[in-house]
Amino acid sequence: MNCFYICLVNAYIALIEMQKYSIWFKYTFKEMLIIGIAGGTGSGKTTVVRKIIESLPAGEVVLLPQDSYYKDSSHVPVEERQNINFDHPDAFEWSLLSKHIMMLKEGKSIEQPTYSYLTCTRQSETIHIEPREVVIIEGILALCDKKLRNMMDLKIFVDADPDERLIRVIQRDVIERGRTAEAVMERYTRVLKPMHLQFIEPCKRYADLIVPEGGSNKVAIDILTMYIKKHLKS
């Protein structure tokens with residue numbers, strides 16, 4: 001009887017290893033589609049990504065939010081963390097994001113970091129990510145880093161009217177991040193607007209496709225979805 005259970009356990013372990021090899025083989029020898037989606041804060045990037053993913057077969061897309069790769073600020077005094085410039089390229093750990101993209105391309109799983117805006121620190125919890133046929137990198141500066149940009153097969157910039165973006169930023173930061181409307185306006189004037197003009201807007205020139213009107217641009221979203229579906233069928 002003991003021999004039977006040992007054989008059963010060994011067979012189960014072998015099955016798991018075969019599944020791992022199957023994933024590695026599939027995503028190593030079939031070209032992975034890597035898409036970068038950038039745009040200003042409140043431009044509708046997240047809505048565009050959500051609608052694309054909802055239109056695709058379940059389990060075929062991996063989303064890597066650039067926000068997850070903010071540098072840890074636990075060493076910064078709490079009272080000084082409110083001054084962190086989240087819209088500057090130096091706020092991100094680009095090397096880790098690029099490393100994770102390379103690992104996924106090689107058929108390896110990754111542990112995606114998580115970040116808390118409330119404490120401005122990287123959390124101890126991670127999200128286990130397996131390689132899939134489509135990887136989407138979404139963030140305000142997703143097209144900023146040259147090394148990361150060179151890994152992308154398709155680069156998208158989501159555009160929106162500045163006034164509309166400001167309204168969305170106020171709504172989001174007050175509800176999701178616990179800030180007052182006055183604090184959001186002050187930060188917009190001091191940080192968001194100048195950083196957008198200096199770093200985010202110039203990234204538009206790297207885009208293969210510009211999506212105006214954000215998540216309400218059904219035609220652009222349908223075109224993107226069809227492009228991805230064509231890749232999945234190839």
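Cβ from N, Cα, C; glycine included.
Note that the structure is predicted; figures quoted are calculated from it, not measured.
Per TrEMBL, these features apply:
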type    : residues                                               : note
BINDING : GLY39, GLY40, THR41, GLY42, SER43, GLY44, LYS45, THR46 : ATP binding site
DOMAIN  : 34-220                                                 : domain 'Phosphoribulokinase/uridine kinase'
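Annotation for THR46 (ATP binding site): same-chain Cβ neighbours under 8 Å, separated by at least 6 residues, are GLU138, GLY215. According to DSSP, THR46 (ATP binding site) is assigned to a helical segment. The 10 Å shell around the Cβ of GLY40 (ATP binding site) contains 28 further Cβ atoms across the protein chains shown. The number of other Cβ atoms within 10 Å of the Cβ belonging to GLY39 (ATP binding site), over all protein chains shown, comes to 31. Within 8 Å of the centroid defined by the CB atoms of GLY39, GLY40, THR41, GLY42, SER43, GLY44, LYS45, THR46, the record's ATP site, lie the Cβ atoms of ILE140, VAL158, ALA160, ARG165, ARG168, GLY214, excluding the listed residues themselves. For the binding-site residues shown (THR41, SER43), fewest C-beta neighbours within 10 angstroms: THR41. In this view, GLY42 (ATP binding site) is surrounded by 24 other Cβ atoms within 10 Å of its Cβ, with every protein chain counted. The C-beta environment of GLY44 (ATP binding site), restricted to residues of the same chain at least 6 apart in sequence and closer than 8 Å, consists of VAL158, ALA160, ARG168, GLU213, GLY214, GLY215, SER216. Per-residue pLDDT, averaged along the domain 'Phosphoribulokinase/uridine kinase' (34-220), amounts to 92 for this model.
For LYS45 (ATP binding site), the number of other Cβ atoms no farther than 10 Å from its own Cβ, over all displayed protein chains, is 26.
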